[in-house]
Amino acid sequence: MPSPARAVPAAEGLSLGRILVVIGGIYTAQSVVGGLTFQGIPSVLRSEGVALDVIGLVSIAMTPWALKFLWAPYVERYRLSEGRRSRQIVVIGEAIVALALLLLAAVGPHDKVWLFVTLGLIALSSATVDIACDAFAIEQLPSRHRGWGNIAQVGGGYFGLVFGSGLFLVLVATVGWQGAAAAMASLIVVLTLPFALTREPQSAARPQTAHRPSLGFALSRPEVRYGLLLTVAFEIGVRLTQGMIGPFLVDVGIDLATLGILNGIGGTIAGLAGTLVGGVMVRWLRPRRAVLLAATLQAAVLIVLALVVMAGVQSYMALVTIAILQTASMAAGFVALYSLLMGLASLRQAGVDFTLFQCADAAIAGVAGFGAGVVAQHLGFGWCFAVAATLAVTGAAVVGVLLRGLPQPALEPAQ
(Lines of atoms letter the chains of each structure in order from A; the text may use other names.)
(Lines give C-alpha, C1' and ligand atoms only; values in the text may rest on other atoms or scores of the structure.)
Protein backbone atom coordinates (compact mmCIF):
# COMPACT_ATOMS: atom_id res chain seq x y z
CA MET A 1 0.00 0.00 0.00
CA PRO A 2 1.27 3.43 -0.79
CA SER A 3 3.06 5.46 1.81
CA PRO A 4 4.16 9.12 1.88
CA ALA A 5 5.84 10.05 -1.38
CA ARG A 6 9.27 11.52 -1.87
CA ALA A 7 9.80 13.85 -4.76
CA VAL A 8 11.59 12.64 -7.89
CA PRO A 9 13.03 15.05 -10.43
CA ALA A 10 10.59 15.10 -13.32
CA ALA A 11 13.26 14.58 -15.93
CA GLU A 12 14.51 11.40 -14.36
CA GLY A 13 11.32 9.83 -13.06
CA LEU A 14 8.54 7.89 -14.71
CA SER A 15 5.42 9.64 -15.97
CA LEU A 16 2.50 9.82 -13.55
CA GLY A 17 0.35 7.67 -15.81
CA ARG A 18 3.01 4.97 -16.00
CA ILE A 19 3.48 4.93 -12.24
CA LEU A 20 -0.26 4.61 -11.61
CA VAL A 21 -0.63 1.74 -14.09
CA VAL A 22 2.37 -0.07 -12.62
CA ILE A 23 1.44 0.22 -8.94
CA GLY A 24 -2.28 -0.12 -9.66
CA GLY A 25 -1.68 -3.51 -11.25
CA ILE A 26 0.32 -4.78 -8.28
CA TYR A 27 -2.11 -3.46 -5.68
CA THR A 28 -4.96 -5.09 -7.58
CA ALA A 29 -3.04 -8.38 -7.59
CA GLN A 30 -2.40 -8.06 -3.85
CA SER A 31 -6.10 -7.50 -3.26
CA VAL A 32 -6.98 -10.59 -5.31
CA VAL A 33 -5.07 -12.59 -2.70
CA GLY A 34 -6.86 -10.79 0.14
CA GLY A 35 -10.26 -11.32 -1.47
CA LEU A 36 -9.59 -15.03 -1.89
CA THR A 37 -8.43 -15.44 1.69
CA PHE A 38 -10.99 -13.36 3.56
CA GLN A 39 -14.11 -13.83 1.41
CA GLY A 40 -13.80 -16.19 -1.54
CA ILE A 41 -12.33 -19.32 0.02
CA PRO A 42 -14.24 -19.03 3.35
CA SER A 43 -17.52 -18.88 1.40
CA VAL A 44 -16.58 -21.95 -0.66
CA LEU A 45 -15.60 -23.88 2.46
CA ARG A 46 -18.88 -23.01 4.16
CA SER A 47 -20.84 -24.17 1.11
CA GLU A 48 -19.01 -27.50 1.52
CA GLY A 49 -20.22 -27.74 5.12
CA VAL A 50 -16.91 -26.93 6.80
CA ALA A 51 -17.25 -25.85 10.44
CA LEU A 52 -16.91 -22.14 11.15
CA ASP A 53 -14.03 -22.56 13.59
CA VAL A 54 -12.08 -24.37 10.86
CA ILE A 55 -12.93 -21.62 8.36
CA GLY A 56 -11.55 -19.13 10.85
CA LEU A 57 -8.17 -20.84 10.51
CA VAL A 58 -7.91 -19.48 6.96
CA SER A 59 -7.11 -16.09 8.47
CA ILE A 60 -4.08 -17.61 10.22
CA ALA A 61 -2.60 -18.27 6.77
CA MET A 62 -2.21 -14.50 6.50
CA THR A 63 0.33 -14.47 9.36
CA PRO A 64 3.17 -13.31 7.04
CA TRP A 65 1.29 -10.04 6.53
CA ALA A 66 1.48 -9.51 10.28
CA LEU A 67 5.16 -10.46 10.52
CA LYS A 68 6.64 -8.84 7.41
CA PHE A 69 8.06 -6.03 9.54
CA LEU A 70 10.71 -8.57 10.61
CA TRP A 71 12.22 -8.74 7.14
CA ALA A 72 11.17 -5.32 5.81
CA PRO A 73 14.53 -3.65 6.66
CA TYR A 74 16.44 -6.41 4.83
CA VAL A 75 14.17 -6.18 1.79
CA GLU A 76 14.64 -2.41 1.75
CA ARG A 77 18.43 -2.65 2.01
CA TYR A 78 18.55 -5.21 -0.82
CA ARG A 79 16.16 -3.16 -2.94
CA LEU A 80 18.24 0.00 -2.54
CA SER A 81 21.51 -1.69 -3.49
CA GLU A 82 23.23 -0.87 -6.77
CA GLY A 83 20.94 -1.37 -9.74
CA ARG A 84 17.57 -0.76 -8.03
CA ARG A 85 15.84 -4.09 -7.44
CA SER A 86 12.18 -3.22 -6.88
CA ARG A 87 11.14 -4.81 -10.16
CA GLN A 88 13.12 -7.96 -9.48
CA ILE A 89 11.51 -8.46 -6.07
CA VAL A 90 7.99 -7.74 -7.31
CA VAL A 91 8.12 -9.90 -10.44
CA ILE A 92 9.66 -12.92 -8.72
CA GLY A 93 7.24 -12.60 -5.82
CA GLU A 94 4.16 -12.44 -8.04
CA ALA A 95 5.45 -15.39 -10.10
CA ILE A 96 5.55 -17.44 -6.89
CA VAL A 97 1.98 -16.35 -6.11
CA ALA A 98 0.78 -17.46 -9.56
CA LEU A 99 2.50 -20.85 -9.26
CA ALA A 100 1.07 -21.34 -5.77
CA LEU A 101 -2.43 -20.63 -7.09
CA LEU A 102 -1.92 -23.34 -9.70
CA LEU A 103 -0.92 -25.65 -6.86
CA LEU A 104 -4.10 -24.59 -5.06
CA ALA A 105 -6.07 -25.57 -8.16
CA ALA A 106 -4.54 -29.05 -8.03
CA VAL A 107 -4.94 -29.47 -4.26
CA GLY A 108 -8.62 -28.52 -4.10
CA PRO A 109 -10.59 -27.26 -1.10
CA HIS A 110 -10.89 -30.63 0.64
CA ASP A 111 -7.27 -31.16 1.72
CA LYS A 112 -7.23 -28.61 4.50
CA VAL A 113 -3.55 -29.00 5.43
CA TRP A 114 -2.29 -28.33 1.91
CA LEU A 115 -4.86 -25.59 1.48
CA PHE A 116 -3.56 -23.70 4.52
CA VAL A 117 0.10 -24.33 3.65
CA THR A 118 -0.40 -23.04 0.10
CA LEU A 119 -2.27 -19.98 1.32
CA GLY A 120 0.59 -19.32 3.73
CA LEU A 121 3.12 -19.47 0.87
CA ILE A 122 0.98 -17.07 -1.16
CA ALA A 123 0.77 -14.69 1.79
CA LEU A 124 4.54 -14.84 2.42
CA SER A 125 5.35 -13.95 -1.17
CA SER A 126 2.64 -11.27 -1.41
CA ALA A 127 3.78 -9.64 1.82
CA THR A 128 7.33 -9.35 0.52
CA VAL A 129 6.09 -7.91 -2.77
CA ASP A 130 4.11 -5.33 -0.81
CA ILE A 131 7.24 -4.01 0.91
CA ALA A 132 9.02 -3.43 -2.39
CA CYS A 133 5.98 -1.98 -4.16
CA ASP A 134 5.28 0.45 -1.32
CA ALA A 135 8.87 1.67 -1.39
CA PHE A 136 8.76 2.02 -5.19
CA ALA A 137 5.61 4.15 -4.96
CA ILE A 138 7.14 6.31 -2.23
CA GLU A 139 10.21 7.04 -4.34
CA GLN A 140 8.52 7.58 -7.70
CA LEU A 141 5.45 9.65 -6.76
CA PRO A 142 6.05 13.38 -6.27
CA SER A 143 4.24 14.74 -3.21
CA ARG A 144 1.79 16.71 -5.36
CA HIS A 145 0.57 13.45 -6.91
CA ARG A 146 0.24 11.52 -3.65
CA GLY A 147 -3.56 11.62 -3.88
CA TRP A 148 -3.48 9.89 -7.26
CA GLY A 149 -1.31 7.19 -5.74
CA ASN A 150 -3.92 6.65 -3.03
CA ILE A 151 -6.63 6.35 -5.68
CA ALA A 152 -4.57 3.69 -7.49
CA GLN A 153 -4.04 1.81 -4.24
CA VAL A 154 -7.62 1.93 -2.98
CA GLY A 155 -9.19 1.52 -6.41
CA GLY A 156 -6.88 -1.38 -7.18
CA GLY A 157 -7.81 -2.89 -3.84
CA TYR A 158 -11.51 -2.94 -4.65
CA PHE A 159 -11.04 -4.13 -8.20
CA GLY A 160 -8.95 -6.95 -6.74
CA LEU A 161 -11.81 -7.84 -4.42
CA VAL A 162 -14.08 -8.09 -7.48
CA PHE A 163 -11.82 -10.83 -8.79
CA GLY A 164 -10.74 -12.50 -5.55
CA SER A 165 -14.19 -12.74 -3.97
CA GLY A 166 -16.73 -11.99 -6.69
CA LEU A 167 -15.39 -13.52 -9.91
CA PHE A 168 -13.77 -16.41 -8.04
CA LEU A 169 -17.09 -17.48 -6.50
CA VAL A 170 -18.92 -17.17 -9.82
CA LEU A 171 -16.25 -19.32 -11.49
CA VAL A 172 -16.35 -21.92 -8.70
CA ALA A 173 -20.12 -22.20 -9.20
CA THR A 174 -19.84 -22.48 -13.00
CA VAL A 175 -16.53 -24.14 -13.94
CA GLY A 176 -15.39 -25.57 -10.61
CA TRP A 177 -12.55 -25.02 -8.17
CA GLN A 178 -9.69 -25.92 -10.52
CA GLY A 179 -10.79 -23.56 -13.28
CA ALA A 180 -11.43 -20.75 -10.81
CA ALA A 181 -8.02 -21.05 -9.12
CA ALA A 182 -6.23 -21.31 -12.48
CA ALA A 183 -8.04 -18.18 -13.66
CA MET A 184 -6.81 -16.31 -10.58
CA ALA A 185 -3.23 -17.43 -11.34
CA SER A 186 -3.52 -16.13 -14.91
CA LEU A 187 -4.92 -12.85 -13.62
CA ILE A 188 -1.93 -12.35 -11.30
CA VAL A 189 0.40 -12.74 -14.28
CA VAL A 190 -1.52 -10.20 -16.38
CA LEU A 191 -1.62 -7.65 -13.55
CA THR A 192 2.15 -7.97 -13.01
CA LEU A 193 3.08 -7.37 -16.66
CA PRO A 194 3.14 -3.52 -16.47
CA PHE A 195 5.66 -3.64 -13.62
CA ALA A 196 7.70 -6.34 -15.36
CA LEU A 197 7.90 -4.23 -18.53
CA THR A 198 8.83 -0.98 -16.74
CA ARG A 199 12.47 0.01 -16.39
CA GLU A 200 13.04 1.34 -12.91
CA PRO A 201 14.70 4.79 -12.75
CA GLN A 202 18.12 4.70 -11.14
CA SER A 203 18.11 8.11 -9.48
CA ALA A 204 15.04 8.52 -7.31
CA ALA A 205 15.22 11.24 -4.68
CA ARG A 206 17.04 10.08 -1.57
CA PRO A 207 17.59 11.64 1.85
CA GLN A 208 20.79 13.66 1.97
CA THR A 209 22.00 12.04 5.18
CA ALA A 210 23.00 8.39 5.20
CA HIS A 211 20.52 6.20 7.00
CA ARG A 212 20.30 2.44 7.52
CA PRO A 213 16.63 1.37 7.66
CA SER A 214 15.85 -0.40 10.92
CA LEU A 215 13.02 -1.39 13.22
CA GLY A 216 14.80 0.23 16.15
CA PHE A 217 14.65 3.65 14.54
CA ALA A 218 10.97 3.18 13.71
CA LEU A 219 9.97 2.08 17.20
CA SER A 220 11.97 4.89 18.79
CA ARG A 221 9.63 7.43 17.20
CA PRO A 222 6.46 8.32 19.20
CA GLU A 223 4.56 8.83 15.93
CA VAL A 224 5.02 5.17 15.04
CA ARG A 225 4.02 3.96 18.49
CA TYR A 226 0.86 6.07 18.42
CA GLY A 227 0.14 4.87 14.88
CA LEU A 228 0.33 1.23 15.93
CA LEU A 229 -2.11 1.77 18.81
CA LEU A 230 -4.46 3.72 16.53
CA THR A 231 -4.46 0.92 13.98
CA VAL A 232 -5.39 -1.73 16.54
CA ALA A 233 -8.15 0.35 18.14
CA PHE A 234 -9.58 1.45 14.80
CA GLU A 235 -9.60 -1.93 13.03
CA ILE A 236 -10.46 -4.53 15.66
CA GLY A 237 -14.25 -4.33 15.34
CA VAL A 238 -14.50 -4.43 11.54
CA ARG A 239 -11.85 -7.14 11.26
CA LEU A 240 -13.86 -9.36 13.60
CA THR A 241 -16.79 -9.06 11.19
CA GLN A 242 -15.05 -9.14 7.82
CA GLY A 243 -14.41 -12.86 7.48
CA MET A 244 -17.84 -13.95 8.75
CA ILE A 245 -20.09 -11.88 6.46
CA GLY A 246 -19.74 -14.34 3.57
CA PRO A 247 -20.37 -17.51 5.60
CA PHE A 248 -23.32 -15.79 7.32
CA LEU A 249 -24.97 -14.94 4.00
CA VAL A 250 -24.39 -18.52 2.82
CA ASP A 251 -26.09 -19.83 5.97
CA VAL A 252 -29.17 -17.67 5.42
CA GLY A 253 -29.59 -19.22 1.97
CA ILE A 254 -27.73 -17.08 -0.56
CA ASP A 255 -26.03 -19.32 -3.16
CA LEU A 256 -22.39 -18.88 -4.18
CA ALA A 257 -23.09 -17.44 -7.63
CA THR A 258 -25.39 -14.76 -6.18
CA LEU A 259 -22.94 -14.07 -3.38
CA GLY A 260 -20.16 -13.71 -5.94
CA ILE A 261 -22.17 -11.12 -7.85
CA LEU A 262 -22.98 -9.28 -4.62
CA ASN A 263 -19.34 -9.26 -3.56
CA GLY A 264 -18.24 -8.24 -7.04
CA ILE A 265 -20.67 -5.58 -8.21
CA GLY A 266 -22.19 -4.53 -4.89
CA GLY A 267 -18.91 -4.69 -3.01
CA THR A 268 -17.04 -2.69 -5.62
CA ILE A 269 -19.65 0.04 -5.87
CA ALA A 270 -19.88 0.25 -2.09
CA GLY A 271 -16.11 0.23 -1.70
CA LEU A 272 -15.51 2.93 -4.29
CA ALA A 273 -18.33 5.04 -2.85
CA GLY A 274 -16.83 4.65 0.61
CA THR A 275 -13.44 5.57 -0.79
CA LEU A 276 -14.84 8.82 -2.19
CA VAL A 277 -16.59 9.58 1.09
CA GLY A 278 -13.36 8.93 2.97
CA GLY A 279 -11.47 11.22 0.61
CA VAL A 280 -14.00 14.01 1.12
CA MET A 281 -13.81 13.52 4.89
CA VAL A 282 -10.03 13.81 4.87
CA ARG A 283 -10.17 16.85 2.58
CA TRP A 284 -12.73 18.78 4.60
CA LEU A 285 -12.16 17.55 8.14
CA ARG A 286 -8.41 16.84 7.98
CA PRO A 287 -7.02 13.43 8.96
CA ARG A 288 -7.63 13.57 12.73
CA ARG A 289 -11.35 14.39 12.63
CA ALA A 290 -11.84 12.14 9.60
CA VAL A 291 -10.43 9.15 11.48
CA LEU A 292 -12.63 9.78 14.51
CA LEU A 293 -15.76 10.19 12.36
CA ALA A 294 -14.93 7.06 10.36
CA ALA A 295 -14.46 5.02 13.55
CA THR A 296 -17.84 6.23 14.79
CA LEU A 297 -19.57 5.35 11.50
CA GLN A 298 -18.05 1.88 11.49
CA ALA A 299 -19.25 1.26 15.03
CA ALA A 300 -22.77 2.46 14.14
CA VAL A 301 -23.01 0.09 11.17
CA LEU A 302 -21.81 -2.86 13.25
CA ILE A 303 -24.37 -2.08 15.95
CA VAL A 304 -27.15 -2.20 13.34
CA LEU A 305 -25.76 -5.46 11.92
CA ALA A 306 -25.64 -7.10 15.35
CA LEU A 307 -29.17 -5.98 16.25
CA VAL A 308 -30.64 -7.18 12.95
CA VAL A 309 -28.96 -10.59 13.14
CA MET A 310 -29.80 -11.15 16.80
CA ALA A 311 -33.41 -10.17 16.07
CA GLY A 312 -33.58 -12.98 13.51
CA VAL A 313 -34.33 -10.80 10.48
CA GLN A 314 -34.38 -13.05 7.38
CA SER A 315 -34.92 -10.47 4.65
CA TYR A 316 -32.22 -10.92 2.00
CA MET A 317 -32.56 -7.28 1.00
CA ALA A 318 -32.05 -6.02 4.55
CA LEU A 319 -29.08 -8.29 5.22
CA VAL A 320 -27.37 -7.53 1.91
CA THR A 321 -27.95 -3.79 2.38
CA ILE A 322 -26.28 -3.86 5.78
CA ALA A 323 -23.39 -5.91 4.39
CA ILE A 324 -22.90 -3.32 1.64
CA LEU A 325 -23.02 -0.48 4.18
CA GLN A 326 -20.40 -2.29 6.21
CA THR A 327 -18.17 -2.49 3.13
CA ALA A 328 -18.65 1.22 2.41
CA SER A 329 -17.92 2.29 5.99
CA MET A 330 -14.83 0.10 6.07
CA ALA A 331 -13.56 1.68 2.82
CA ALA A 332 -14.09 5.20 4.14
CA GLY A 333 -12.32 4.23 7.34
CA PHE A 334 -9.41 2.75 5.44
CA VAL A 335 -8.86 5.98 3.48
CA ALA A 336 -9.08 8.13 6.60
CA LEU A 337 -6.81 5.95 8.73
CA TYR A 338 -4.10 5.46 6.14
CA SER A 339 -4.11 9.13 5.21
CA LEU A 340 -3.21 9.82 8.83
CA LEU A 341 -0.66 7.00 9.01
CA MET A 342 1.12 8.32 5.92
CA GLY A 343 1.94 11.47 7.84
CA LEU A 344 3.34 9.43 10.72
CA ALA A 345 5.91 7.56 8.60
CA SER A 346 9.44 8.96 8.44
CA LEU A 347 10.59 9.85 4.92
CA ARG A 348 13.99 8.38 5.82
CA GLN A 349 12.49 4.87 5.90
CA ALA A 350 8.84 5.24 5.04
CA GLY A 351 8.66 1.69 3.72
CA VAL A 352 9.70 0.22 7.08
CA ASP A 353 7.47 2.53 9.14
CA PHE A 354 4.44 1.97 6.94
CA THR A 355 5.06 -1.78 6.96
CA LEU A 356 4.77 -1.72 10.75
CA PHE A 357 1.32 -0.12 10.49
CA GLN A 358 0.26 -2.69 7.90
CA CYS A 359 1.55 -5.52 10.07
CA ALA A 360 -0.49 -4.30 13.02
CA ASP A 361 -3.56 -4.28 10.78
CA ALA A 362 -2.79 -7.76 9.44
CA ALA A 363 -2.20 -9.12 12.94
CA ILE A 364 -5.59 -7.84 14.02
CA ALA A 365 -7.17 -9.33 10.89
CA GLY A 366 -5.65 -12.75 11.55
CA VAL A 367 -6.43 -12.94 15.25
CA ALA A 368 -9.90 -11.44 14.84
CA GLY A 369 -10.69 -13.72 11.91
CA PHE A 370 -9.82 -16.81 13.95
CA GLY A 371 -11.66 -15.50 17.01
CA ALA A 372 -14.73 -14.68 14.94
CA GLY A 373 -14.86 -18.23 13.63
CA VAL A 374 -14.71 -19.69 17.14
CA VAL A 375 -17.36 -17.31 18.52
CA ALA A 376 -19.70 -17.82 15.54
CA GLN A 377 -19.32 -21.60 15.68
CA HIS A 378 -20.10 -21.91 19.38
CA LEU A 379 -22.33 -18.90 20.10
CA GLY A 380 -23.76 -18.00 16.70
CA PHE A 381 -23.37 -15.14 14.24
CA GLY A 382 -25.46 -12.79 16.38
CA TRP A 383 -23.07 -12.92 19.30
CA CYS A 384 -20.09 -12.71 16.96
CA PHE A 385 -21.38 -9.46 15.46
CA ALA A 386 -22.40 -8.17 18.91
CA VAL A 387 -18.84 -8.64 20.18
CA ALA A 388 -17.56 -6.88 17.05
CA ALA A 389 -19.90 -3.93 17.63
CA THR A 390 -18.84 -3.66 21.27
CA LEU A 391 -15.17 -3.66 20.33
CA ALA A 392 -15.81 -1.08 17.59
CA VAL A 393 -17.51 1.28 20.04
CA THR A 394 -14.70 0.83 22.56
CA GLY A 395 -12.13 1.27 19.80
CA ALA A 396 -13.70 4.54 18.64
CA ALA A 397 -13.43 5.90 22.18
CA VAL A 398 -9.79 4.82 22.41
CA VAL A 399 -9.08 6.41 19.02
CA GLY A 400 -10.40 9.72 20.33
CA VAL A 401 -8.06 9.56 23.32
CA LEU A 402 -5.03 8.61 21.21
CA LEU A 403 -5.64 11.37 18.68
CA ARG A 404 -5.44 13.98 21.40
CA GLY A 405 -1.96 12.72 22.29
CA LEU A 406 -0.46 12.75 18.80
CA PRO A 407 2.19 15.39 18.02
CA GLN A 408 0.45 18.26 16.23
CA PRO A 409 2.86 18.40 13.24
CA ALA A 410 2.17 14.72 12.52
CA LEU A 411 -1.56 15.18 12.91
CA GLU A 412 -1.95 18.10 10.56
CA PRO A 413 0.92 18.11 8.08
CA ALA A 414 1.21 21.00 5.72
CA GLN A 415 -0.84 20.50 2.61
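Cβ atoms here come from the backbone N, Cα and C positions, even for glycine.
What TrEMBL annotates here:
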{"type": "TRANSMEM", "residues": "20-38", "note": "transmembrane segment"}
{"type": "TRANSMEM", "residues": "50-67", "note": "transmembrane segment"}
{"type": "TRANSMEM", "residues": "88-107", "note": "transmembrane segment"}
{"type": "TRANSMEM", "residues": "113-138", "note": "transmembrane segment"}
{"type": "TRANSMEM", "residues": "150-173", "note": "transmembrane segment"}
{"type": "TRANSMEM", "residues": "179-197", "note": "transmembrane segment"}
{"type": "TRANSMEM", "residues": "226-250", "note": "transmembrane segment"}
{"type": "TRANSMEM", "residues": "256-278", "note": "transmembrane segment"}
{"type": "TRANSMEM", "residues": "290-310", "note": "transmembrane segment"}
{"type": "TRANSMEM", "residues": "316-342", "note": "transmembrane segment"}
{"type": "TRANSMEM", "residues": "354-374", "note": "transmembrane segment"}
{"type": "TRANSMEM", "residues": "380-403", "note": "transmembrane segment"}
Feature contact check the transmembrane segment (20-38) with the transmembrane segment (50-67), CB under 8 Å, 3 or more pairs: yes
Leading contact stretch, 20-38, 150-173, 256-278, 290-310 vs the transmembrane segment (179-197) - CB distance under 8 Å: 20-38
Residue numbers, six or more beyond the limits of the transmembrane segment (20-38), whose CB comes under 8 Å of its CB atoms: 1-2, 14, 58-59, 61-62, 90, 94, 97, 119, 122-123, 126, 129-130, 133, 136-137, 148-149, 151-153, 155-166, 168, 184, 187-188, 191-195, 198, 242-243, 263, 365, 369
